Amino acid sequence: MAQLLDGAGKLGWVLLRAGVRFVFMFLNNCVAIPSYCLYLLLLQPLRIWDSSAFWHIEGIMFKWLLAMVSSWGWIAGYTVTEWGDDVRPISEEEAMVLVNHQSTGDVCTLMMCLQDKGTVVRKMMWLMDHVFKYTNFGLVSLIHGDFFIRQGKAHRDKQLVYLKDHLEKYYHSRDRKWVVLFPEGGFLRKRRETSQLFAKKHSLPHLSHVTLRRLGATHVILKTLSAQQENGSVGSESGTPNQTGSKRKGLQWVIDVTIAYPKARPMDIQTWIFGYRSPTITHVHYSRNRSSSLDLSSRQPSPAWRKGGRPRMDQSSVDTSKHIGWVYPIKEVPVEAEALTDWLYQRFVEKEELLAHFYDTGLSPTSYLGFSSYKASVDWRIVC
């Protein structure tokens, strides 16, 4: 009887706390989002007179809103430990960010991670499923210039055309720097079985913790935002002017982000709102493409990845002395569809191995590959 009463008491406390959190966040949204829209409405004359100043102010308020969402998880004890490359030094350069997708909580996790990355949050462009357009944050994302993409074969070709037009219209004119997308095309739990059947049919690796990436959006972004060389690779100069009229360098980096949840239990947006799960540390790993003089040949995965089966990497071939992930010059990123597909599959073979190690042992690559780690933080001066 005592155990039953104790269990009922704990359940009651969880429900009470969840109810209080929901009311607080509802009121928070009722104040913050209309304020964002109202301020931008009042600033429309500035948009006509000085577009760069308008979008600078919009970016600051957008970062405040994302910090608000980040604080929901932080208050509940949901924190993030980051490892791999330190991407802060390149926060002012243009990059494409590729993220594995497990749940709606992935977006909240990224919002927390990127708060301390300079102006990234202010100048980023998100590619999200069109369903997010109808959430409380949908109007904010529409104003900011994010792109909502519809899934499915019936929409695929048209959506890629719309994406290209969207990038050409908004990316440079609003001085965007990072483009964030989830190239798997959906949540892991929904796409895993289909991906594994496709892999078996085409003698590709059997992946359990990620799915084979879809090429479409990645291909469009590379071709639209980067200069293409005669050999079909990506160049480092786009020749496109920014708001001030100076020449932009184009995409300089491709940052591969891996999100890992303890015990492979993703956190969804409901968890962030109600806070019913115990405090959790989510792990985020960064790998980036960059132009460098490093010898990268020792870090290339074996060609055997195309033969299928569970992928394994030779740990002895990984140089951990510089505390970096797998680094590839942006100029060597292929643009042709077949070559880019192979390149993306190789990246996910590496990602699968990292996640398999984490889920099998519970240890992050700080102990596995020698990566340095640091905890993501929320700037409370922004939230308060």
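Keep in mind that glycine also has a Cβ here, set from the backbone N, Cα and C atoms.
What TrEMBL says about a protein is an automatic prediction, not a curated fact.
Marked as transmembrane segment by TrEMBL: 20-42 (among others).
The transmembrane segment annotation in TrEMBL covers 54-75 (among others).
Taken from TrEMBL, the feature domain 'Phospholipid/glycerol acyltransferase' applies to 95-218. Mean model confidence of the domain 'Phospholipid/glycerol acyltransferase' (95-218) amounts to 86 (pLDDT, 0 to 100 scale).
Annotation source TrEMBL lists compositional bias 'Low complexity' at 292-303.
What TrEMBL lists as region 'Disordered' is 292-317.
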**OP:** Using DSSP, tally how many residues of the domain 'Phospholipid/glycerol acyltransferase' (95-218) sit in helix, strand and coil.
**Re:** 60 helix, 19 strand, 45 coil
